[in-house]
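Taken verbatim from TrEMBL:
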DOMAIN    56-384  domain 'Amidohydrolase-related'
BINDING   H64, H66, H224, D298  Zn(2+) binding site
BINDING   H64, H66, H224, D298  Fe(3+) binding site
BINDING   R73, Y131, H158, Q227, S303  4-imidazolone-5-propanoate binding site
BINDING   Y131, N300, G302  N-formimidoyl-L-glutamate binding site
Amino acid sequence: MSLLIDSIGELFTADDEGTIHYDAAIVIEDGRIAWVGHRLNRPAADEYFDADNKAMIPGFVDSHAHLVFAGDRSGEFAARMAGEPYTGGGIRTTVTATRAARDDRLRETCARLTAEMLRQGTTTVEIKSGYGLTVEDEARSLRIAGEFTTETTYLGAHTVPEGADGALMDADEYTALAAGPMLEACAPHAKWADVFCERGAFDGDQARAVLTASAAAGLGLRVHANQLTAGPGVRLAVELGAASADHCTHLTDSDVDDLANGGTVATLLPGAEFSTRSPYPDARRLLDAGARVALATDCNPGSSYTSSMAFCIALAVREMRMTPAEALEAATAAGADALRRTDIGRIEVGARADLVLLDAPSHVHLAYRPGTPLIDTVFRAGTAVS
Ligand code: NIG
Ligand code: FE
């Protein structure tokens, strides 16, 4: 069965040349893009969809989200807006609520958030564990995440948790657990491993221990790096060949060089700076140095409770000196690169037909009309799903 999407006013492909077609058409066959070009050259197809001269873009790839959690931290957000700093300490509040929640409760939250994302044009999402922090609670978080995505990430090293006695565990002992028995239980359910490498969470040596053990267990690597301070996270991520270093808010010149010269994507999460009232990362500095820059939501109940990639694009354009086209590429093709995926995030022949028709004439409207719902139709693997 083939489908012709005709009369696309502007087609933002996010392909390697950054091609934008006008008056375009697409043919989809068996869920994949089979043809892209000017509508006057369009081939015939079994079914027809009229895009009504609106703009079409690739489905968003949200390469960083924490969706397996319970509880609410809106009070913490309100306190921050009144001047309290964000330290990451609130992670433990969510850990307590998550451990106490039944599976169905966690599943419901994941279902609600992934549906919310899909309605807003996100056709691929990565989901991390990290709010269980016991062997059993991390493994069940990943089992639940796996019901919603293939891009599952083991984040046992999110913070040093309280043990059964209610006291904070010793950081080195917990690191050994996260790099040992917890990893062993989680690896079958995870594609990736991540570590929060930060003062107050895991230092460079501890992060290295978890990441190297995870790589040995067959997992790809990602790192929460340089979010609150200019620590060793980015350096380590690049050295270990991680797919992505995420946050990248506080970078030294040598971190920027490493990202520009290595194979690690710099994933920026401006929802976190918005929600923690922190200075935004300098996307322009990274782009000008030649680094690959992605955008993701970091959707989580503490530092960034947004599921909207369009909101992140608007922030990146207004606050981080990205052009609308750069921000949209970062939210699609570069997000796919951050997951080492070549089959999504781009509109080109052979790619999965994950497409978003905007209720707008141009992709620029994503930033130009912030906060406005602009999603007309979402196609996942060629099927209109929303
Ligand atoms: O990416 N920084 C570490 N982890 C999350 C925040 C988690 C939380 O505050 O609950 C982040 O910002
Ligand atoms: Fe995060």
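Placed from the backbone N, Cα and C atoms, the Cβ positions cover glycine too.
Location within the structure of each feature annotated in TrEMBL.
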{"residue": "H64", "record": "Zn(2+) binding site", "contacts (Cβ under 8 Å, 6+ apart)": "E126, K128, R222, S244, D246, T267, L269, A296, T297, D298, A338"}
{"residue": "H66", "record": "Zn(2+) binding site", "contacts (Cβ under 8 Å, 6+ apart)": "I127, K128, G130, Y131, L155, D298, C299, N300, P301"}
{"residue": "R73", "record": "4-imidazolone-5-propanoate binding site", "contacts (Cβ under 8 Å, 6+ apart)": "G90, T93, T94, P301, G302, Y305"}
{"residue": "H158", "record": "4-imidazolone-5-propanoate binding site", "contacts (Cβ under 8 Å, 6+ apart)": "I91, K128, S129, G130, Y131, L133, F196, A201"}
{"residue": "H224", "record": "Zn(2+) binding site", "contacts (Cβ under 8 Å, 6+ apart)": "D194, V195, F196, C197, E198, A201, G233, D246, H247"}
{"residue": "S303", "record": "4-imidazolone-5-propanoate binding site", "contacts (Cβ under 8 Å, 6+ apart)": "Y86, G88, G271, A272, S275, T276"}
* Under 6 Å from ligand 1 by Cβ, which binding-site residues from H64, R73, Y131, D298? -> D298
* Beyond the site residues H64, H66, H224, D298: chain residues whose C-beta lies within 8 Å of the centroid, for Fe(3+) -> A65, K128, D194, D246, H247, L269, A272, A296, C299, N300, S304
* Do you know the mean pLDDT across the domain 'Amidohydrolase-related' (56-384)? -> 98
* Provide the number of Cβ atoms within 10 Å of the Cβ of Q227 (4-imidazolone-5-propanoate binding site), excluding the reference atom itself. => 27
* Asked: For D298 (Zn(2+) binding site), which DSSP three-state class applies?
  -> coil
* Which state, by DSSP, holds H224 (Zn(2+) binding site): helix, strand or coil? -> strand
* Around the N-formimidoyl-L-glutamate site recorded as Y131, N300, G302, what other same-chain residues have a C-beta within 8 angstroms of the site's C-beta center? -> H66, F69, R73, G90, I91, T94, G130, P301, S303
* Structure fact -> N300 (N-formimidoyl-L-glutamate binding site), Cβ-centred 10 Å count of other Cβ atoms over all protein chains shown, is 27
* Determine the binding-site residues, out of R73, Q227, D298, S303, lying near ligand 2 in the sense that the CB is under 6 Å from one of its atoms, and give them in sequence order. => D298
* If you measure every Cα to Cα pair among R73, Y131, H158, Q227, S303, the residues listed for 4-imidazolone-5-propanoate, what is the largest value in Å? -> 20
